[in-house]
Amino acid sequence: MRTVVFFILVSIFLVALKPTGTQAQIVDCWETWSRCTKWSQGGTGTLWKSCNDRCKELGRKRGQCEEKPSRCPLSKKAWTCICY
């Protein structure tokens, strides 16, 4: 039940984003926040894979969360999954 509520809240938040140019901004926010932010970690394993698992799925050796400039227009910096 907790996962369902979390998914609904994240979905509402993403729908509420009004892209100024393209739908890519919503995707950028999703990719930025979906694996590495503390408030979104509840979805890891259910809604999306962990950073390390996602990177391995992409054929990389490992992945880790690092603070980087954000691609999402709603924040300047964000914890983002980086694959190695």
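Numbering starts at 1 and runs along the chain as displayed.
Each Cβ is built from the backbone N, Cα and C atoms, and glycine gets one as well.
What Swiss-Prot records for 1-24 is signal peptide, and it gives sequence analysis as the kind of evidence.
Positions annotated as pyrrolidone carboxylic acid by Swiss-Prot, on the basis of experimental evidence: Gln25.
The annotation disulfide bond is assigned in Swiss-Prot to Cys29-Cys72 (among others). In the three-state DSSP reading, Cys29 (disulfide bond) counts as helix.
Look at Swiss-Prot and you will find Cys36-Cys65 (among others) tagged as disulfide bond, backed by experimental evidence. The Cβ neighbour count for Cys36 (disulfide bond), using a 10 Å radius and every protein chain shown, is 22.
In the three-state DSSP assignment, the secondary structure recorded for Cys51 (disulfide bond) is helix. Around Cys51 (disulfide bond), the same-chain residues at least 6 positions away in sequence with a Cβ under 8 Å from its Cβ are Arg35, Cys36, Gly63, Gln64, Cys65, Cys81, Ile82. What Swiss-Prot lists as disulfide bond is Cys51-Cys81 (among others), and the listing cites experimental evidence.
Taking Cβ-Cβ distances under 8 Å and a sequence gap of 6 or more within the same chain, the neighbours of Cys55 (disulfide bond) are Lys61, Arg62, Gly63, Cys81, Cys83, Tyr84. According to Swiss-Prot, the feature disulfide bond maps to Cys55-Cys83 (among others), an assignment based on experimental evidence.
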> When you measure from the Cβ of Cys65 (disulfide bond), how many other Cβ atoms are you left with inside 10 Å?
Replying inline: 17
>> Taking the Cβ of each of the disulfide-bonded residues and counting other Cβ atoms inside 10 Å, which one has the highest number: Cys29, Cys83?
In response: Cys29
